[in-house]
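*Asks:* Here TrEMBL flags 7-429 as domain 'Aldehyde dehydrogenase'. Taken from TrEMBL, the feature active site applies to GLU209, CYS243.
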Amino acid sequence: MSISEQVALVRKTFDAGTTRPVAWRLKQLEALERMLTEGEPQIAEALAVDLGRPPNDTFLGDIAPPLAEVRFARKHLRRWMRSRRVGLPLSQRPGKAWYSYEPLGVVLVIGPWNYPVYLTIGPLVAAIAAGNCAVIKPSEHAPSTARVIRELVEQYLDPDAFLVLEGGPEVTQDILAQAMDLAFFTGGPEIGKAVMAAAAPHLTPVILELGGKCPAVIAPDANLGVAARRIAWTKLMNSGQTCIAPDYLMVDETVWSDFRSELLTAFKELSPNGDGGRALPIVSPRHAARLEGLLTGHGGTVITGGDVDPGFDTGKGTADLTVVLDPALDSPLMTEEIFGPLLPVVPVRSVDQAMEHIGAGPKPLAAYLFSGSRSTQRAFRENVAAGAIVENHIAMHVLVPELPFGGVGNSGMGAYHGKWGFEAFSHRKANLHRPTWLDPRFAYPPYSKRTERLLRKIF
């Protein structure tokens with residue numbers, strides 16, 4: 001069966017009204033929760049093959065977050081679905097006005113390879129809560145996980161409402177050609193632009209969850225030990241292949257020596273083998289080779305690590321957790337998103353200098369500040385444009401379901417999680433009711449001078 005025929009069957013389900021009742025939505029969310037809990041062993045096995053992930057990292061990165069999302073949605077869905085009354089201007093009284101939420105239709109969720117379950121199932125939670133049917137396109141760069149996602153979705157969810165299609169970019173293009181009602185993409189900016197271009201002929205709206213160079217700034221009054229541990233933990237997780245991992249550090253030069261010691265200690269203590277992060281698994285030889293290229297000609301000093309093996313002979317690359325001190329600001333290491341276990345460090349004279357550098361580049365998906373000063377924190381929040389600001393931690397905003405998660409500018413458009421996801425996958429429909437018992441003649445032309453004066457007051 002062709003992709004167009006398969007999508008047509010899913011659309012038929014939506015057109016029949018199957019997905020609109022709250023009971024159906026709650027049933028699918030409950031099934032999705034069971035899918036994640038009961039399917040965890042299969043998911044962990046697949047991610048070990050695709051990404052070299054240990055089971056506990058899979059739970060923390062790909063099971064626990066979507067479980068929290070689906071449980072939050074089940075708890076709050078009925079309240080989210082309620083219509084909301086709004087006030088009326090004098091010109092529209094008597095009457096009543098409200099807005100309600102209706103599903104968009106058949107939506108497309110395009111998942112990435114780095115957290116292929118969480119970042120595919122998370123948007124699916126929002127799509128289900130909003131009453132949509134969905135076509136799911138997992139990443140071809142995590143093929144074992146894509147297969148498991150397809151098998152689990154077919155086993156647990158309504159097969160008439162949800163379709164999983166495996167394959168490469170040509171499959172994505174074919175799906176987008178079916179005039180989807182929304183396309184949700186997580187990945188890099190370049191592919192995001194291609195998705196947006198393919199969606200444009202059909203006026204398909206898009207939500208793009210992209211990336212960018214997320215900075216972490218260490219102020220002189222920061223708790224250096226805590227900052228080092230939190231940075232090391234998130235940079236080691238998934239071998240740094242995380243869109244909200246710290247891409248580079250800007251450290252006040254007066255505390256760099258002490259912070260360096262804390263950071264190297266944290267790398268050693270938190271790395272899987274206590275070796276400071278040697279030979280961490282990288283998703284593919286091509287990606288490892290790209291990281292190897294970033295370590296060429298950067299003009300800085302390698303503090304630790306430095307070895308990258310693309311693994312063309314084995315099909316699996318590796319890279320050391322590598323700290324590079326003071327690279328050239330115009331080097332690829334400092335201008336391209338790293339998406340791996342490389343960590344450039346730029347000493348700065350002040351937080352103001354760090355903010356100036358951040359502001360000169362594309363807006364990041366997140367920006368991090370370690371400081372105990374409320375005035376410094378306030379200045380950072382008010383002057384740094386980013387998808388999110390996190391103070392004294394890294395990436396934890398993603399685990400707060402009542403916060404919107406999304407980028408701005410080059411790091412993406414649109415946001416989701418919690419009610420934000422429900423709204424992103426819904427149409428907010430305006431409703432106005434006017435009675436017929438009051439229909440004054442003066443409201444219609446032709447208008448007398450007196451009527452014109454009255455209308456000017458009313459409107």
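Cβ coordinates are placed from backbone N, Cα and C, and glycine is handled just like the others.
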*Asks:* In the predicted model, what is the mean pLDDT computed over the domain 'Aldehyde dehydrogenase' (7-429)?
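*Replies:* The answer is 97, the mean pLDDT of the model over that range.
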*Asks:* Under a three-state reading of DSSP, tell me whether CYS243 (active site) is helix, strand or coil.
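*Replies:* Coil, per DSSP.
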*Asks:* Give me the Cα-Cα distance between CYS243 (active site) and GLU209 (active site), rounded to a whole Å.
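*Replies:* Cα of CYS243 (active site) to Cα of GLU209 (active site) measures 9 Å after rounding.
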